[in-house]
Structure formats: structure tokens, C-alpha cells
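Report on the structure given below.
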Amino acid sequence: MKNLLDYTLSELEAILSPKFRAKQIYEWIYKKNAENFDEMLNLPKDMRTNLAQEFYFDPLYCVKFEESSDGSIKYLFALKDGNTIESVLLPMKEVEVDEGGNISRHARYTICVSSQVGCKMGCLFCLTAKGGLKRNLSPGEIVGQILWIKKTNHIPYERRVNVVYMGMGEPLDNLANVAKAIQILKEPDGLAISPRRQTVSTSGLGAQIKKLGEMDLGVLLAISLHAVTNELRSKLMPVNKAYNIEAVMDAVRGFPIDMRKRVMFEYLVIRGMNDSVKDAKTLVKLLHGIKAKVNLIYFNPHEGSEYGRPELADMLEFQEYLRAHGVTCTIRQSKGLDISAACGQLKQRSQNLSPSNNNTSKPSDIKKSES
């Protein structure tokens, strides 16, 4: 059987007759949260039967989750082949001011999705890398994470959702499928998530950054930098031996970005390694001429990690130096400190799970992880 979520609307129109049925199916899946083909009552019964024999649109289900006191939720999903991946829901508040000056606050959601089962980049601070790469996710398996999280958290269709390709795996190592997922997600008759609300995060595959730019998808770009010298970055991130800092910066300078947007540089701050004012000075020089925003991230220690969480004073001093020298800089609000927040943690803690391939779980059936 084939995963219906792997298909763009135009692809579905090409294989269905009459083709307007494709839009109806898209609306049932992405707007009306249908659980099966039998619910699609405006389709002929024989068509529903045939579709059910050829397609499925439930490529994953949740076998465990952890909910933090700050509202963030981390999910462990099982795929049809028994492999598992992680996704995270980050709820936040968005403040809006209307023409009359009235202030309102609305829920805003960011969903962090995986693009691969495992990862081959080998970053020393990442748990996922320790297991290596098993396989790429299909477009539908990527889309399925967002669909499942939106559905089970009752996020209204019209509510703004941001998507970040920052979970397990290197998105640009699975560029074709990630690009197709971006196209499926932006479909107006589907989830209608604008590319401007989708961010692709990469460890710095220079050639693939160029290819992504040439696709002109309109997405935002985030670079996992984490160090300002090639010596340290090569130690932390072996990919730097193939694409060093200078090569990454060259690729970024050629990436098409909306005039109102900036390239995000993720900088994981590790105590005593990359948290000094000297590092901040070097970073300012590296970013010269780039419309950049730096996001400082507290290292989130995992069991067996040799690295430590930085001090708040050091984070603030680093941030202040960047701001004083014209670089937009934020400190990412730590989420999920009381759960398995680091990439790969929940999966590691759940190695003994034996999920069924039958996607029958409902929100009430999900096993909440005991911290």
C-alpha cells in the first residue's frame, strides 16, 4: 500500500478521475481531520473502498510522549516498519495589536519535525548521531508528524503554525523529500503552512544549501554553527571537515532570503568551550555582511555527556556583546528541562518498546513517559 501523504495535490489529481476528487480528499485529510476513507462521505462508496485498498494516510502513531511543565510536548512516533522518530510541540503566546490599539494574546505553535531515522553527521553533542543513520523519511512521514500533532492537540486549522526541520536527522541530507514535504504543507487546500513559516536547519552542507536556494522554495534557513573556529567545530561536528566555516558562510551569502527575514545561526553554548567574549568577537567578524540573527541555545546535558550547561551570566555577556556590535541575538527560552528534551533522549529511553504496525492509537491510548 502507498502513503497518501506522499502525494502533492497535483500528483493526486493526475491519478484520480475525476480529478476534483483529489481536492476533496485533501480537504478531508488536512482540514477535516478524517481518520479513514469511510468518513469521506462526498466520495462514492466504491471509490472509498478502492482507495482504502490502495492507500493509507496514517504513516505513524505515537507510542510515548512527555509533557513538560512549560507546556512543550515531546513525542516518540513509531513508523510502519517499526523504526521510531521524535517530534516536539512548542506552544507559545503571540501578542497582536489591532488598529484601535487593543492588545490580544493568541496561542502560537512551533512543531519541530524529524527528517531521517537517525543521522550520519556524527555531532558529538547529539544523542541521535550515536545510533547512525537508518533511512530517510518519506515526504508523507514528515508531513504526518505535523498532521498528527495538530489533530491530537486540537489546534484550529486557521491557527498559525511554524514548522522547523530541526528534529532527528540532517534535512539537507534528505533534500528531495524535505522539499516535497514543504510543497505539500504549503498547499492551500491542505494545511496551508506558508514556506515563510517553515525553517530548514542544517549542520552546514554547503553544496546542499546552494541546491535548496536554487529550488527557490521561499523557506527560511537556519545554520547549526556552534563554534567559531574550524578546530573546535571539526571536533564537535565532523561535517566541518568537508564544509568548513568559510565554505558555509559562502553558501549562506548566496542563499535567497526575503528582505524582511534573516538567516538564523543556531549557536549551542557549552560551558568552557565556546562561551567566551573572545568567541563572541570572532562570531561578529564571521557574520559581517550577512543579514543574520543568532540564537544562543543552552546545552541540554544528557546522560553520559561530557559537556556542561553554561552559566546565565556568560550567556548574557555573550548576547550583550553581539547586540552592541549590531548583531541581532536572542537566547532561546529553554523548553522541556524536566523531560527528555535533547534530541534522541526519549528514543534512547524507550529502546525496549515493541510497537505494532497498526496505527490504532488515539490520544487517550498514548502511554505517557514516566520521568
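Count begins at 1; order follows the chain as displayed.
Glycine is no exception: its Cβ is also placed from the backbone N, Cα and C atoms.
Among the features that Swiss-Prot reports, active site, proton acceptor is placed at GLU86, with the record citing sequence analysis. In this structure, GLU86 (active site, proton acceptor) is part of a beta strand by DSSP.
If you look up Swiss-Prot, you'll see CYS343 marked as active site, S-methylcysteine intermediate.
CYS123 ([4Fe-4S] cluster binding site) falls outside any helix or strand according to DSSP and counts as coil. Neighbours of CYS123 ([4Fe-4S] cluster binding site), defined as other CB atoms within 10 A of its CB across all chains, total 21. Swiss-Prot lists CYS119, CYS123, CYS126 with the feature [4Fe-4S] cluster binding site, giving sequence analysis as the kind of evidence.
The number of other CB atoms found within 10 A of the CB of SER201 (S-adenosyl-L-methionine binding site), across every protein chain shown, is 20. In the three-state DSSP scheme, SER201 (S-adenosyl-L-methionine binding site) is classed as strand. What Swiss-Prot records for GLY169, GLU170, SER201, SER224, LEU225, HIS226, ASN300 is S-adenosyl-L-methionine binding site, and it gives sequence analysis as the kind of evidence.
Residues or ranges marked as compositional bias 'Polar residues' by Swiss-Prot: 348-363.
Annotation source Swiss-Prot lists disulfide bond at CYS112-CYS343. The C-beta environment of CYS112 (disulfide bond), restricted to residues of the same chain at least 6 apart in sequence and closer than 8 Å, consists of SER87, VAL88, LEU89, LEU90, VAL164, MET166, GLY167.
What Swiss-Prot records for 105-338 is domain 'Radical SAM core'.
Here Swiss-Prot flags 348-371 as region 'Disordered'.
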Subject >> Which listed residue (SER224, ASN300) has most other Cβ within 10 Å, given these are binding-site residues >> reply: SER224
Original post:
GLU86 (active site, proton acceptor) has how many other Cβ neighbours within 10 Å of its own Cβ?
Top reply: 25
**OP:** Calculate the distance in Å between the alpha carbons (Cα) of GLU170 (S-adenosyl-L-methionine binding site) and CYS119 ([4Fe-4S] cluster binding site), and round it to a whole number.
**Re:** 6
Original post:
Using Cα coordinates, what distance in whole Å links ASN300 (S-adenosyl-L-methionine binding site) and CYS123 ([4Fe-4S] cluster binding site)?
Top reply: 14
Original post:
On the 0 to 100 scale, where does the mean pLDDT of the domain 'Radical SAM core' (105-338) fall?
Top reply: 94
Subject >> DSSP three-state assignment for HIS226 (S-adenosyl-L-methionine binding site) >> reply: coil
Original post:
How far is it from GLU86 (active site, proton acceptor) to GLY169 (S-adenosyl-L-methionine binding site), counting Cα to Cα, in Å?
Top reply: 10
